[in-house]
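These features come from TrEMBL:
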{"type": "BINDING", "residues": "Asn138, Asn139, Gly140, Gly141, Asp142, Gly207, Phe208, Ser209, Phe210, Arg211, Gly212, Ala213, Asp245", "note": "(6S)-NADPHX binding site"}
{"type": "BINDING", "residues": "Asn139, Asp203, Ser248", "note": "K(+) binding site"}
{"type": "DOMAIN", "residues": "88-304", "note": "domain 'YjeF N-terminal'"}
Amino acid sequence: MLGVLGKGRRMICSLLTQAPFPLAYYSSPSSIYKAKPSGYLPRISSGFLGPISCSAILAFCSKSGEVGGMASSLQNQGSITYLTQREAAEIDEVLMGPLGFGVDQLMELAGLSVATSIAEVYKPSEYNRVLAICGPGNNGGDGLVAARHLYHFGYRPFVCYPKRTSKPLYSGLVTQLESLSIPFLSVDELPVDWSNDFDILVDAMFGFSFRGAPRPPFDNLIEKLVHLNNYKQMQQKSPVIVSVDIPSGWHVEEGDVDSEGIKPDMLVSLTAPKLCAKKFSGPHHFLGGRFVPPSIAEKYKLHLPPYPGTSMCVRIGKPPQIDISALRENYISPDFLEEQVEADPIDQFRKWFNDAVAAGLKEPNAMSLSTTGKDGKPSSRMVLLKGVDKDGFVWYTNYESRKARELSENSHASLLFYWDGLNRQVRVEGSVQKVSDEESEQYFHSRPRGSQIGAIVSKQSTIVPGRHVLHQQYKELEEKYSDGSLIPKPKHWGGYRLQPERFEFWQGQQSRLHDRLQYSPQEINGKRSWRIDRLAP
């Protein structure tokens with residue numbers, strides 16, 4: 001857990017022996033999964049799946065302040081503090097003593113951190129079925145909390161919780177899961193072969209206070225996780241394993257001593273990584289526990305990575321090796337049919353734009369502007385849409401920039417809107433003209449004063465000796481207009497309007513059979529209208 005020890009955590013010790021306990025594969029002939037199809041899962045209520053989209057999960061997990069920013073900061077492994085077992089225990093005692101944290105608070109933060117870390121890497125559209133294997137202590141409580149959050153993120157969690165405690169905290173967590181109709185599976189109900197029935201296995205059995213060797217049924221459950229390594233080595237289908245804070249069965253400081261333990265695909269360290277995490281060789285190592293106060297960090301000289309944006313997790317360790325050719329998304333979208341679209345493409349654009357705003361997508365007005373000068377060499381950049389009407393699409397910029405120069409040489413350009421969370425994009429092609437001085441003046445003075453000063457300072461696309469020059473010029477102008485007087489619009493700054501001549505609306509679909517509807521102008525009986533054609537994907 002996020003480092004929660006306390007007296008209650010020591011209850012785990014009653015489950016341990018001093019000598020190693022023999023391990024064996026579990027293979028109950030009475031398993032309810034026997035003779036069932038590989039996709040079969042028991043006792044799922046009709047209202048089981050939550051309505052949260054993958055894009056919403058990603059927005060919560062990881063979106064930083066930058067457009068399209070990758071969520072998790074990668075940190076050099078040597079620059080992060082790793083805790084001994086004693087240090088981890090001491091930090092727990094301080095947190096739950098002088099600093100006033102409760103076990104329930106820390107457990108909630110831990111479970112949320114685990115769930116968001118999982119959502120960061122394993123999308124529910126591809127890794128939907130989750131089995132959380134929970135031990136009797138606080139590490140198991142973290143798993144119970146994580147299962148609840150994963151349900152709300154759109155996953156289908158199942159829980160194996162063999163050694164329940166009657167303590168109110170844990171009973172409450174069980175009640176919360178039962179109220180969501182999340183199935184609890186006994187050890188006897190688990191399938192013989194986990195590789196076909198689950199996509200993610202959450203190892204939340206034992207945390208950093210674990211000593212000795214696990215007793216039944218956890219010895220068999222750990223051995224089942226170990227056995228899955230063989231599937232991976234043979235490149236067979238196998239669920240991914242996510243360990244909470246410590247891979248169960250590992251030595252807290254020395255790690256997988258005999259190299260025969262669990263080899264998780266993801267490790268979610270909590271508060272700060274423990275020494276054993278240095279031996280973790282899986283592709284995904286995350287840190288959760290965004291709550292460590294400065295007094296703790298100073299006392300234990302903790303060097304921890306900053307958390308991006310509002311995220312509860314941050315990637316640490318080495319970045320995973322990625323096969324770019326294997327990156328792909330199998331889009332799942334509603335049908336986009338000719339009879340359902342608006343006759344006017346501007347109306348259809350407004351409809352989709354409103355959907356993007358309602359979905360909470362970041363900067364839905366961001367668009368790629370592509371231009372070509374007289375040399376025929378194209379260039380693209382992201383700009384922000386600031387107006388759309390029957391006459392076209394408006395944005396503002398510096399009239400002495402590269403794009404402005406290219407537009408003066410070739411007025412034809414294209415715009416591209418991409419709304420990832422909705423699997424949609426819109427392409428618009430047309431000719432570009434400057435908007436009126438009055439329109440540019442009006443918009444300029446509607447901007448924040450800082451943006452107005454920035455437009456004066458920036459001689460866009462020209463070479464500057466360093467950022468300090470821009471800051472100095474900005475500071476001088478800021479002082480000049482500190483009395484609140486009107487900031488004059490630069491003559492070299494204003495708006496452009498692209499008048500559309502062609503539209504294409506694209507919506508991603510499964511198996512790359514995407515919907516593409518093209519609007520092109522036509523004249524019927526002397527009146528201009530738009531022809532709608534479907535293009536092959």
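Glycine residues also receive a Cβ, built from the backbone N, Cα and C atoms like all the rest.
These figures come from a predicted structure and were not determined experimentally.
Here the binding-site residues are Asp142, Asp245; the one with the fewest Cβ atoms within 10 Å of its Cβ is Asp245.
Per-residue confidence over the domain 'YjeF N-terminal' (88-304) averages 91 (mean pLDDT, predicted model). Those same-chain residues not listed among Asn139, Asp203, Ser248 yet with C-beta within 8 angstroms of the centroid of the K(+) site C-beta atoms are Ile133, Gly135, Gly140, Gly143, Ala204, Met205, Phe206, Gly207, Ser243, Val244, Asp245, Ile246, Pro247. Between the listed binding-site residues, namely Asn138, Asn139, Ser248, the fewest other CB atoms within 10 angstroms of a CB are found at Ser248.
Residue environment of Phe208 ((6S)-NADPHX binding site) contains 29 other Cβ atoms, counted within 10 Å of its Cβ in all protein chains. You'll find the Cα of Phe208 ((6S)-NADPHX binding site) roughly 9 Å from the Cα of Asn139 (K(+) binding site).
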